Amino acid sequence: MSNKDIRVVVGMSGGVDSSVTAHVLKEQGYDVIGIFMKNWDDTDENGVCTATEDYNDVIEVCNQIGIPYYAVNFEKEYWDKVFTYFLDEYKKGRTPNPDVMCNKEIKFKAFLDHAMNLGADYVATGHYARIHRHEDGHVEMLRGVDNNKDQTYFLNQLSQQQLSKVMFPIGDIEKIEVRRIAEEQGLVTAKKKDSTGICFIGEKNFKTFLSQYLPAQPGDMITLDGKKMGKHSGLMYYTIGQRHGLGIGGDGDPWFVVGKNLKDNVLYVEQGFHHDALYSDYLIASDYSFVNPEDNDLDQGFECTAKFRYRQKDTKVFVKRENDHALRVTFAEPVRAITPGQAVVFYQGDVCLGGATIDDVFKNEGQLNYVV
């Protein structure tokens, strides 16, 4: 089958990465369709809907490239699958990662299903990751060539079935080259700045946004031995290892969040970047997903490396099944400020094996007060 007989539906955001993705596929001769996903009603404080601006950029890019385009609304799916999860996690005192859930439930589920209904053979996005297709048909996901932009951390929940239908055309090139291609082609998005932060918050103040949905409950900020250091403005506004926004003055080392007590509405703080309470030996994680589950013996356990947050260096770990629903991930050396609700993502070299959601964090067999 020649490329012209292969239909690829590209998820287009109005940014430079997805614009170049569509251009590259068109140049390679594929039958390309651009689709803009509207996942959130994101009118800003001035009454301007940024999604409209982004869609206008998609229209212009698609016209420049010479491909058809559509818009599809996934606001209900996004609310049900991503935003509800986001709020529930904050209610539990955890720090969620909505990008991971958005990829799992929207971009590579709702959008993938929609694309297949349009007769697509594959979907493509502007993610910095790579797909390796083996002769027997199974696939592996590899880190993007641009280490600084690699996005496999956020794609850790994707299954073999999902990835077999996915292309990441810019995963083999660096961001600077993506910009160069966009400028060379005269694409209107060539100099558009990258979006940052959580898509549904955008440029809004995080505290203000969250308080619209969850009532803040101020409480005491104390040390682990009970010394009161001040007031917090609501546990949901703080994450493990956080330094800024505590409002604790005085001399000596800066103060950091080392735990939360939901029952008593207490925020635990301690002084010093390397305070002992910030370090742990192992974690328990649930909702785990592996691209090739049969390659990993969870009963015997296996060694690999892991990331506990985006752009963090890999850490050597040992992964083993804890029970039917959870994994135990033991670190080769203590790790600082691991955060419940975030993803732990596993690697063998450049291959992303999969990931899980961090539930509890332990030191010397004792559970830390990260979220209790």
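Note that Cβ sites are derived from N, Cα and C of the backbone, with glycine treated the same way.
The annotation ATP binding site is assigned in Swiss-Prot to G11, M12, S13, G14, G15, V16, D17, S18, M37, G126. Listed in sequence order, the residues of the same chain lying 6 or more apart from D17 (ATP binding site) and placing their CB within less than 8 Å of its CB are G126, H127, Y128, I170, V178, D194. In the three-state DSSP reading, D17 (ATP binding site) counts as helix.
Sequence-distant contacts (6 or more apart, same chain, Cβ under 8 Å) of C102 (disulfide bond) comprise N39, Y78, V82, C199. Residues or ranges marked as disulfide bond in Swiss-Prot: C102-C199.
Here Swiss-Prot flags C102 as active site, nucleophile, drawing on sequence analysis.
Taken from Swiss-Prot, the feature site 'Interaction with tRNA' covers H127 (among others). Counting every protein chain shown, the number of other Cβ atoms lying within 10 Å of the Cβ of H127 (site 'Interaction with tRNA') is 27.
When other Cβ atoms within 10 Å of the Cβ of C199 (disulfide bond) are tallied across all protein chains shown, the result is 18. Annotation comment: Swiss-Prot describes C199 as active site, cysteine persulfide intermediate.
Long-range Cβ contacts of Q342 (site 'Interaction with tRNA') within its own chain (separation 6+, distance under 8 Å): T95, P96, N97, F308, R309, T357, I358. Residues annotated as site 'Interaction with tRNA' in Swiss-Prot, with sequence analysis given as evidence: Q342 (among others).
For G15 (ATP binding site), the count of additional Cβ atoms within 10 Å of its Cβ stands at 20 [all protein chains shown]. Q342 (site 'Interaction with tRNA') falls within neither a helix nor a strand when secondary structure is assigned with DSSP, and so counts as coil. Around the Cβ of G11 (ATP binding site), the same chain contributes S18, I35, M37, K107, F111, V123, A124, T125, G126, each under 8 angstroms and 6 or more positions distant in sequence. Its Cβ placed at the centre, M37 (ATP binding site) has 23 other Cβ atoms within 10 Å.
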